[in-house]
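Q: Attaching a single structure in structure tokens format; questions to follow.
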């Protein structure tokens, strides 16, 4: 699990290499919402500000491997960042790591209790307890975005060498 959690490059690229054509993204929810207080603090958003919140599953066929939550402030969605609001079933990492490495400003990893997840996300996670999660603060063209990823037990069945 450690090599997945502490992957420095694109998690999307690594999963695609390991899963091939079976890799897919399912959007759980996407829309403007109030970020969690700790997310707003990391993004330096004023109280009450909304941001684009996107929650997805990264999957191999129907098998859920990773749950991801991205928070993109309105300022990040301007100019070249506008395309980030219209990803559909494309993975954010595909855009984030496309041209050059995005700038990572912070990285946290911890065990996350599934009782803290939204019920819709928790359902069918395959987890009977805590799972490893990580959170990274990136900037694109000087504008921030926050990405959190939670590694479900099924990710252990994906080849580590990918």
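Residue 1 is the first one shown; counting continues down the chain.
Every residue gets a Cβ built from N, Cα and C, even glycine.
Keep in mind it's a predicted model, so treat the numbers as computed, not measured.
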Q: According to Swiss-Prot, 92, 149 bind substrate; which one of 49, 50, 54, 59 is listed for that same site?
A: 54
Q: Starting from the Cβ centroid of 54, 92, 149, the recorded substrate site, name every other residue in that chain with its Cβ within 8 Å, sequence order please.
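A: Output for this site, in sequence order: 55, 56, 68, 69, 70, 91, 93, 147, 148.
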Q: Would you mind checking how many other C-beta atoms are within 10 angstroms of the C-beta on residue 149 (substrate binding site)?
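A: The Cβ of residue 149 (substrate binding site) has 24 Cβ neighbours within 10 Å.
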